[in-house]
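J.: Before I ask anything, let me first share the structure, which is written out below as structure tokens.
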Amino acid sequence: MSKVDKTGYAQWVYLLPERSSMMSFIDSMEDFRFDMLIYFLCFVVLGRAVQWFLRPKPNAPLLNPRRFFEFSDSRAVSEILYSTRQVLEDWFSKYPTKPMRIIADLGQITILPPSMADEIKNDPRLSFIKASTESAFHITIPGFEPFREGAKNEAGLIKNVLHKHLNKTLNHITTPLAEETCLAVQEYFGSDQGWHKVPLRDTLVPLVTRISTRIFLGQDLCRNQEWLRIAASYSSTSAEVANHLRRWPKPLRYLVSLLSPECQNLAKQVRNARALINPILERRRVEEGQEKGTSYNDSLEWFERYAREAYDPAATQLFLSVVSIHTTTDLLCQALEDISSHPEIIKPLQHEIREVLKQEGWNTKALYKMKLLDSVLKESQRLKPVQHATMLRLALEDITLEDGTFIPKGHQISVSCHAMRDNEIYENASSWDGYRYYRQREQSANEHKAQLSSTSPEHMGFGYGIHVCPGRFFAANEVKVIMIYLLLQYEWRTPPGSQPKPLSWCTTWATDPTFELEVRRKGSDDIPVELSHNTFSRESES
């Protein structure tokens, strides 16, 4: 036991340093820890800098590099944001076979000439899904679950469903497709027989949403205004929110999403979608357990049948909306704008439609035989596709292409679409010619290649290669059905002095969202009797 002095303190207490000495010691230790922290952080930053400096880099020429002492890509991106098309055409007119790089809104991307499309089209080391979902959207943040579902499907659930069900049932879904179009066109374009202006894109987006929903989700949801509102708006809303979050450093984005009203609204859209979709699935699962369960033939049933792991049904349906509605709408808008600028093509189109329908009735064979309509749509897509560069991919490992172009792991690549307007490939390439592909299909060697749904390095409207749009056959039929009704039941024209101005930012190219057409309903129904609504109903019930 320690000895105790007269004051009552153990003698060892006097051996402790004075308070001032103790505080000095503590301060010195804190200074030491702070210095070590600074040294450690400097070491980490220096290590990352050395790692970045020494890592392999893409070797294609960079057209809009950062300037000296620039620490962000903001200026470089703004420099090219609205001039990407011209930059691509200028570069490839000088160097037709030489890749180049730009700093775009999603970072650096190497853009290849169309001549290299065949080399990369089926390369498994290049991921379309990771480039189009994980790189562009924030799949771990609430509200972006549809892109998370899409990111699972490099060659999985969604692709299987589209290939094995949607494409194989095209003939069976043609009648309900036409039935819904008959009703929807009347609702959205109206019955006014006087000339009146129609905001083209704002009218066609809900129209396409409703018609697509009829096939994907059935009759009930295609008339549900809440679902139509969510499906039509989610694509543009998610893109805006994704752009907003990209302004923040990655570690802060989740926190920002919790505080941002825009992010909360996006998450609410997904919750509302689940509130509509999940009860339908639950009811079907109950019916399935009964002896006389109802049979369904829509994408809800298809996904349930092919899902091998847990998935989010509502988010999957929203992802389908993202990849289908706005691209289909864009093609429709462009075709209507082009036809209104070339009214001489209208009567031949109407004649073809009437004659084919009288001969074949209402089926996919009839749509296939409408070669002039197919040609008109493909020509509009040729002159204004939805992107200046397509075949977006992200490298899963370091890749060196045949010409020596190096693509490091994690780098994005794409292929320029300028060949679609190349005078060396197309006669009068800059002019719209509705008969261009019609004439090509008269030559047996080009019968397949000249169809709207066909792709090649010279026409990549639906992409190209292993990741070509799997829903392009349905999209082509859907656009044709809508065009049939608009051509036979309505007249339209471009208002005097009006000229649509497509929007271009980075590699995206969209039709003018403010453009209006003048439209009027024809006085008499110009559609053959077998296409009446009553006929549809009888066919659907039989």
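Here, residue 1 is simply the first one shown, and the rest follow in order.
Cβ atoms are placed via backbone N, Cα and C, with glycine included.
Below are the features I grabbed from Swiss-Prot:
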- 37-54: transmembrane segment (TRANSMEM)
- Asn167: N-linked glycosylation site (CARBOHYD)
- Asn297: N-linked glycosylation site (CARBOHYD)
- Asn428: N-linked glycosylation site (CARBOHYD)
- Cys469: heme binding site (BINDING)
J.: Name, in the order they occur in the sequence, the residues of the same chain whose CB lies under 8 A from the CB of Asn167 (N-linked glycosylation site) and which sit 6 or more residues away.
T.: Pro470, Gly471, Phe473, Phe474
J.: Work out the three-state DSSP category of Asn167 (N-linked glycosylation site).
T.: helix
J.: Where Asn297 (N-linked glycosylation site) and Cys469 (heme binding site) are concerned, what is their Cα separation in Å, rounded?
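T.: That comes out at 22 Å between the alpha carbons.
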J.: Among the glycosylation sites Asn297, Asn428, which residue has the largest number of other Cβ atoms within 10 Å of its own Cβ?
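T.: Of the glycosylation sites Asn297, Asn428, the highest Cβ count within 10 Å belongs to Asn297.
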J.: Tell me the Cβ neighbour count for the residue listed as 'heme binding site', meaning other Cβ atoms within 10 Å of its Cβ, over all protein chains shown.
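T.: Its Cβ shell of radius 10 Å holds 19 other Cβ atoms.
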J.: Measuring Cα to Cα, how far is Cys469 (heme binding site) from Asn428 (N-linked glycosylation site) in Å?
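T.: Approximately 28 Å lies between the Cα of Cys469 (heme binding site) and that of Asn428 (N-linked glycosylation site).
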